[in-house]
Amino acid sequence: MPDVSNVRVKPNQHPYEKEVNGKLMSQEEILSQKLVAAIERQAALDDKYATEVHRNEALSERIRELEAKLSAKKSFDEELVKFHNLEEKLQLTETKCRNAESEKSRVENELEDLTSSLFEEANRMVANARKETVASEKRVNQLKKQLVDAETLLSSTQHQLTELKDVMHSMSDSHEQNNALHPPLSRTTSFVADNVSVGSFASSTSGLDILTGTSARESLDAKEISSDKHLNISGERPATFPNPTFIEGSDERRSASSLGHRTNNNQNQLIRFSTQIRSSSTSPPRSPLIISDSPSSSIIHNPHPTHPSASAMNYMNPCFLEFHAFFNYPMKFARSRSAYSTSANYSNTPPRNTVTPSTARSSTLSQNPSSSSNSIPLISRNLRDFSFFKRCLEEDIEPTLRLDHASGLSWLTRRSVFTAILESSLIINPLHSTSLLSSQPCSLCGFNRTQPLRQFEFRSRPDSTSHASCTYCVARLRSVCNFVAFLHQICKGVWSSCSLEKAWDECLKKREAMFLSRVGLAKELEG
């Protein structure tokens, strides 16, 4: 745009031109002012633009800084979240480690306890095995001795059988010679001769059974049952004839007399025996006569002077028949023992006028007194050998004890307690209320109330562990122990002087006491 400040107006211009020039000058001034204003405005705008640009750059820089801070904050937050997660995981891991350590210590303690208990049980089992081994060795030695004694007794019985055959031959010869003098006794003589051979052989066989211990209980039960089959309706036994060996002379007279003298004596004794047969057939005894099939069959026993009533004893009851055989076993043992000693004395004194190989062997055996003294049979003390005890064990003892359900006893402890009960060696003592054992649960039924506390403790041996027991379980234990003690008394012959009816009534009372203690009605539980 041209600069108009240096333009000069010519003096000799036309007025119209002057007017036009004045207007142009005014317009020029106006335009100049506008131009100046526009320039100033542009400069201001440039300044403002520069300022805004600078401000924009500052804002952009600030935005970049804030964005950087924001991204850094986001990454920090993420790292912080990760840190919190890791911290929680660390706490969980520490908790698991503590739990694992406590569990490890508990398992180690249990392992130590189990190891100690295992060693104790192993030592106890080894000790029991050693005891059983020693007992089995003793039993084997006893069986060997009994076998030797059985062989000795067998040779003795064979010698007796040979002598009895000689006596039978001599009696038959004398019978043929004196048949005309004694015609009524011919039939009786043959009957007696048959009974002599058969009865002596049966008695010898039963003595061997008792000595060797083979099937003793079965043979006794079978003999009792077979004898009970001959009972009549009223319960009385038929008249039983005595064994012919009962009428023989004493050992002194037999050793001092010859064969002919013994034949005459036997003939006189046959007359007396026939008289006894006639008297027994006409007037049978009121009480049953028991003729034992043991070697002591020469003695007539009448153990029960009064016949028991049918309400107390029932011969059709298998349980009573088993108890009858169990009750008679000690008496049979005593009779067989005395009869065996008598037969041994008889076998040691052979006739003087006869010498045979069997008598020579008998004289050789008689010179050894230890063999005759050691060959006396021993009575069985084991209750398990009797069928009556097996019945009571199944029907009364096991339901009363219920040791299989005893939660506080281990298997070995149950076995030792049951063995102690059968051996009558169980120990039951009262407990004081301040004892630590009284606050423990009952070992048999698990009774664990605080009121009342356990008042008793029991153990199988004096040096064994004590077990707490409540009053109910003690009543059961005592009832079973009383019954087992009663059976041991019968085995030892304490009840031999009493009648069968009295022993049977006492047995029923003991079994009833076990039932009452089992249902909780024992006398110890009253009140």
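Placed from the backbone N, Cα and C atoms, the Cβ positions cover glycine too.
Checking Ser75, Ser116, Ser380, Ser410 against Swiss-Prot for the annotation phosphoserine singles out Ser75. The average pLDDT the prediction assigns to the coiled coil (40-171) is 90.
For Ser75 (phosphoserine), the count of additional Cβ atoms within 10 Å of its Cβ stands at 10 [all protein chains shown].
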